[in-house]
Amino acid sequence: MRDERRLIGQLQAQGLLSDLDVYFADLLLAKSDQPSELLALAAAMTSRVTNEGHVCFDLNEMADRPLNGLDGQVIATVPSLHDWSARLHRSGVVGTPGEHQPLILDASGRLYLHRYWKYEHRLGFLLDERAGRQATDVDETVLRTGLKQLFPNTGDDIDWQKQAAAAAVLRRLSVISGGPGTGKTTTVMRLLALLRQQPGGEALRFALAAPTGKAAGRLQETIQQSRDSHPAQMGSLPELTSTLHRLLGVRHGSTSFVHNRDNPLALDVLVLDEASMVPVALMAKLLEALPDSARLILLGDKDQLASVEAGAVLGDICSGYRGPTPHFAEQLQRVTGESPLSDSSNPRALADSVVVLKKSYRFDSASPIGRLAGAVNTGNFKQAWELLEEGGAASQIRRIPVSEDTAKLAAGRYAKIFEKIGKEAAPSEIFASLNDYRVLCAMQQGPDGVTAVNRRIEAELRSRGYITGDSEWFQGRPVLVTRNSYGLGLYNGDIGVALPNPQAGGEISVVFPVADGSFRWIAPARLPEHQTVFAMTVHKSQGSEFNEVLLQLPARDNPLLTRELLYTAITRARSRFYISTEQEVFHSLVHRQLRRNSGLAEVLWQ
C-alpha cells in the first residue's frame with residue numbers, strides 16, 4: 001500500500017492534508033478492491049473539504065491538471081474527470097447516488113461522504129415537497145383585511161414585508177431573506193398575527209427557534225418588544241424561544257434527536273431565525289421532524305457567512321430566486337393589492353416560497369455604513385475603499401492603519417465597563433456598556449486572532465490599572481460560552497460578565513442575562529468551555545449587533561478572508577464601523593467570495 005499512499009503522504013508533509021484526512025484515506029484503501037493513489041487523493045480531499053464547510057469535493061477542480069505542492073513544484077498530474085471517475089467506481093468503495101458505499105460520486109463529478117450525500121438528497125426532497133404545498137385552508141378575505149390593518153400603504157413602492165407575510169400565510173414553506181434592519185422579525189410577528197386571525201388560528205401551536213442561545217435570546221427580546229408596543233395585535237403570540245437543538249431534543253452522546261420522522265414535533269408553525277447559520281445536516285434533521293401540515297418560516301440574510309459546519313443551505317435555497325411564478329404573483333396581487341414582478345422562466349414551486357426584503361430601516365442605504373455594506377456585497381472594491389479613505393475620526397466608518405495599536409483604542413472603550421463596576425452599577429448597565437462596542441476578528445488564532453487580541457486588550461487594561469491582581473477571574477471579565485451545557489441552561493454564544501456576587505458574600509461569579517430581564521449568577525468553576533470576549537470571531541458575532549464595531553483583520557491575506565465575512569462584520573454595527581486593514585488585504589476580501597461546494601441548489605432549482 002506504500003505506493004498508493006505516496007501522494008497523500010507528500011501532501012500531508014506539506015500541511016495540505018491533516019492526519020484525519022490521511023487516516024480516512026487509509027481506511028478506504030484498506031477496504032478497496034483496487035486501491036490506488038487516485039482513490040487515496042479523492043478520499044483525503046473529500047475529508048478535507050468537508051471539514052472546511054463544503055458538502056462535497058468537486059473532482060472538476062483538480063481533474064486534468066497538474067497538482068502542485070507548496071513550493072510550486074508539480075508532484076502529480078491528475079487525469080481527466082472521466083478517467084478519474086472510472087477508477088473510483090472500480091475501487092469498490094465509491095458508489096453512485098442511492099448505493100450504500102462510503103463515498104458517493106454523482107454524474108457531475110461531486111464526491112460526497114455517504115452521510116452528507118444522504119443529508120443533501122433528503123433535504124432537497126423535503127424542501128421541494130414542502131414548497132409545493134399551498135395552504136388550502138386560508139380565508140383570503142380575512143387575510144386581505146389583516147394585511148391592510150398590519151401593513152398600511154406608505155407609498156407607491158411594493159411593500160416587501162407585506163409580500164413576505166402574505167406568502168408565508170399562503171404556503172407551507174416560507175423563506176424571508178434580508179439584510180440587517182430590513183424588518184425580518186417585525187414581518188414575522190405580523191404574519192403570526194395574520195395566522196391567528198385565520199379560521200382556527202387561535203388553536204395554532206407556534207414555536208420560535210434559532211441556531212444558538214445568543215440568537216434565540218435576541219429573537220425573544222425582539223418578540224417581547226413587539227408584544228409590549230402592540231399588545232392588542234401581538235399579545236396572544238408566543239413569548240418563549242428555543243435553540244434548535246433544544247427544540248429537537250438532544251440525545252446525549254448521539255447525533256440523532258428525540259424528534260424525527262417517527263416522532264414529529266407537536267407544532268403547527270415553526271419560525272427559525274438566523275437560518276444562514278444552520279448546516280445541511282441539522283436542517284435535514286429539522287425538516288424530517290416537522291409534521292407534513294406544519295408551516296416552516298425561515299428567516300436570515302443570504303449574503304451573510306454560511307454555517308461553520310458543512311453547507312450553505314440558505315444561500316442555496318435563495319440562489320435561483322428571481323421572483324414568484326405568474327400564478328402566485330396573481331394571488332399575491334389579490335390579497336396585497338400590489339403586483340410583484342413575476343418570473344415565468346422557472347416554474348419550480350420554491351420560487352413562490354422565497355421573498356427578499358430590500359429596504360433597511362436600521363441605516364439608510366445612503367448612510368456611510370449602508371453604502372459600505374452595499375459596495376462590499378456587490379464586489380465594488382473601488383467604492384468601498386474610497387468610503388473608508390473618506391472616513392475621518394467623526395465619520396460613521398473609519399480605516400485604522402495596521403501600524404496603529406488597536407488594543408489601546410479598544411481598551412479606551414472597554415474602560416467604561418470597569419468604571420461602571422467601580423460605581424457599583426447594576427448588571428443591566430454593565431451589559432449595556434459591554435454590548436455598546438465589540439472587537440471582531442477573522443480568525444481565532446494568529447497574531448491578529450481572537451486569542452492574541454484578547455490578551456493585548458487585557459494587558460492594556462492592566463497597564464491602566466483597571467484590572468488588578470493575578471487571577472484570571474478579575475472583576476469585569478467578559479466571558480463567551482463556547483460549548484452547550486443543557487444542565488446549566490447555557491449555550492454556545494452566551495455572554496456573561498465576572499462580578500462580585502452579593503448573594504455569595506462578594507465572591508466572584510459570572511452573571512448572565514435572562515430573556516425576561518433578570519440575571520443569573522454561576523460560579524466560574526461550573527462553567528462549560530469558555531473564553532474571554534473583549535474580541536470575538538465574526539462567525540460568533542452572527543445574530544448580534546453593537547453600536548460600534550472594530551474589525552481587526554490580519555496583516556497578510558488568508559483564504560479564510562472573504563466578502564461574506566467582511567459584509568457580516570460591517571452589518572453588526574448600528575452607528576460606527578472601524579476596520580484595521582491595508583489596501584491589499586481589503587482588496588482580496590472584497591473580491592473573494594465564499595463558495596461552498598454543494599449540489600443542493602441544483603436539486604432545488606434545475
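Cβ coordinates come from backbone N, Cα and C, glycine included.
Now, the feature entries from TrEMBL:
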BINDING   Gly178, Gly179, Pro180, Gly181, Thr182, Gly183, Lys184, Thr185  ATP binding site
DOMAIN    14-112  domain 'RecBCD enzyme subunit RecD N-terminal'
DOMAIN    533-579  domain 'UvrD-like helicase C-terminal'
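Positions of the features from TrEMBL, shown on the structure.
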| residue | record | Cβ within 10 Å |
| --- | --- | --- |
| Gly178 | ATP binding site | 23 |
| Gly179 | ATP binding site | 24 |
| Pro180 | ATP binding site | 22 |
| Gly181 | ATP binding site | 18 |
| Thr182 | ATP binding site | 22 |
| Gly183 | ATP binding site | 19 |
| Lys184 | ATP binding site | 23 |
| Thr185 | ATP binding site | 20 |
Inset, instruction - Write out how many residues of the domain 'RecBCD enzyme subunit RecD N-terminal' (14-112) are helix, how many strand and how many coil, based on DSSP. - result: 40 helix, 19 strand, 40 coil
Inset, instruction - Tally the residues of the domain 'UvrD-like helicase C-terminal' (533-579) by DSSP class, grouping H, G and I as helix, E and B as strand, and everything else as coil. - result: 12 helix, 17 strand, 18 coil
Inset, instruction - Calculate the per-residue pLDDT averaged over the domain 'RecBCD enzyme subunit RecD N-terminal' (14-112) and state the result as an integer. - result: 89
Inset, instruction - Check Gly178 (ATP binding site) against DSSP and tell me helix, strand or coil, would you? - result: strand
Inset, instruction - Using DSSP reduced to three states, classify Gly183 (ATP binding site) as helix, strand or coil. - result: coil
